[in-house]
Amino acid sequence: MNILLIGVGGGLGAITRYFFSIVVSKFDDSAFPFATFTVNLIGCFIVGYIIASGLNSKDFINNFFVIGFLGSFTTMSAFSNQTLELFSSNQPFIGFLYIISTIAFTLAATYVGLILGR
């Protein structure tokens, strides 16, 4: 049952990220990868909230939502690839900005989620 929950949650998280990326790309034509940046912020905030509120102790929430949905909704592989693409296309400033802002803001989002979840 746990594997099914993780699989369904993961599928829904990936589909949500895909549609989110499509919507964001319609409004943003800059080199900065706002879609991935934003889903990582949202995911970090939600996981912080879930952990602080104790909801992750419930198997359904932990397996379906934290491991499955959020695990596929947020993405380190896209972050890494987009960062390397920025450096390869001679945009090192945006690349470094993306690295620093992603780390700083995702940590802050997780912290805010932890605070609000208490």
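Cβ atoms here come from the backbone N, Cα and C positions, even for glycine.
Curation plays no part in TrEMBL annotations; they are all automatic predictions.
Copied over from TrEMBL:
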TRANSMEM  31-52  transmembrane segment
TRANSMEM  64-81  transmembrane segment
BINDING   G71, T74  Na(+) binding site
TRANSMEM  93-116  transmembrane segment
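Take the CB of G71 (Na(+) binding site) and look out to 10 A: across all protein chains shown you find 17 other CB atoms. The DSSP secondary structure for T74 (Na(+) binding site) is coil.
With a 10 A radius on its CB, T74 (Na(+) binding site) counts 21 other CB atoms from all the protein chains.
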